[in-house]
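**Student:** In case it helps, TrEMBL gives these features for our protein:
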{"type": "TRANSMEM", "residues": "27-50", "note": "transmembrane segment"}
{"type": "DOMAIN", "residues": "40-289", "note": "domain 'G-protein coupled receptors family 1 profile'"}
{"type": "TRANSMEM", "residues": "57-77", "note": "transmembrane segment"}
{"type": "TRANSMEM", "residues": "97-119", "note": "transmembrane segment"}
{"type": "TRANSMEM", "residues": "196-218", "note": "transmembrane segment"}
{"type": "TRANSMEM", "residues": "239-258", "note": "transmembrane segment"}
{"type": "TRANSMEM", "residues": "264-284", "note": "transmembrane segment"}
Amino acid sequence: QMSNSSSITVFLLLAFADTRELQLLHFWLFLGFYLAALLGNGLIITAIACDHHLHTPMYFFLFTLAVLDLGSISTIVPKAMANTLWDTRAISYTGCAAQLFFFLFMVLGECSLLTVMAYDRYVAICKPLHYGTLLGSRACVHMAAAAWGSGFLNALLHTANTFSLPLCKGNAVDQFFCEVPQILKLSCSQSYLREAGVIVTTSCLVSGCFVFIVVSYVQIFRAVLRIPSEQGRRKAFSTCLPHLAVVSLYVSTGIFAYQKPSSISSPVLNLVVSFLYSVLPPAVNPLIYSMRNQELKDAL
């Protein structure tokens, strides 16, 4: 038993498998997803940066999303791959804190950014005449900065709070990367109240984002259904559906990971679910966005 957190210098992450064959299988699986995310997001970033036709608010936000996706998957996957390859479970105390901070920063930033993207679609479809004034280049930069800023502040709050708690239940983290709920399980029982406050503020941020997105889409669909031509309706839908698909993937995997009943909890299921919400979206988002998007395909 560890008496307090000051004596912990390393955390032990969850091992994927006991046998070498399975470990290597996990390594290749991770590598596949990581390369897919690097390639997909890298192509989107390059296409948008190099093609001046794509220098519009919608693509500026998509560019930012691709950067956040690359950041979030790079925070956890390379370390998991290295550990699997070298057959170790260790991550240093500072490494764990850094991983927790950057992952939260990227994921919460992405939550805010998806909200900004919903607003962009709303203005484009419901207030097309005001689009240039409401979403000028300065406004876009301010919105993206606000999204990054909210992610940064929330991540800072959580990381400072989580790592200032005394940890007295060993150093084995029940997850393949450092995550707030798993570190909290190692803390002494009285310290939950303070973190509960931070969790409530983050939940409010995420719920606020979600409500805003839903309200935007109700307005968007009402406007789209009023468009007289079928071609116009189809075009409007095709610009919104990728964003809606990404939001749904993000929300459903996140909710399932954190809200699933403990009765169906098992180490294997927990691992699959955490993989789904931490590794899958960054790898799949570029695919979702580029499949229906002719402008992006042409640029690529």
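Every residue gets a Cβ built from N, Cα and C, even glycine.
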**Student:** Rank 27-50, 57-77, 196-218 by Cβ pairs under 8 Å to the transmembrane segment (239-258) and hand me the top one.
**Tutor:** 196-218
**Student:** Examine the transmembrane segment (27-50) against the transmembrane segment (264-284) and state whether at least 3 Cβ pairs sit under 8 A, considering only residue pairs 6 or more apart.
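**Tutor:** Taking Cβ pairs at least 6 residues apart, the transmembrane segment (264-284) and the transmembrane segment (27-50) are in contact, with 3 or more under 8 Å.
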**Student:** For the transmembrane segment (264-284), which partner among 57-77, 97-119, 196-218 gives the most CB pairs under 8 Å?
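**Tutor:** It is 57-77, which has the most Cβ pairs under 8 Å.
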**Student:** In terms of Cβ proximity under 8 Å, which residues at least six beyond the ends of the transmembrane segment (57-77) contact it?
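**Tutor:** Result: 30, 33-34, 37-38, 41-42, 44-45, 48-49, 99, 102-103, 105-107, 109-110, 113-114, 116-117, 120-121, 124, 135, 140, 143-144, 147, 176-177, 239, 246, 278-279, 281-283, 285-286, 289, 296.
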**Student:** What average pLDDT is reported by the model for the domain 'G-protein coupled receptors family 1 profile' (40-289)?
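**Tutor:** The answer is 88, the mean pLDDT of the model over that range.
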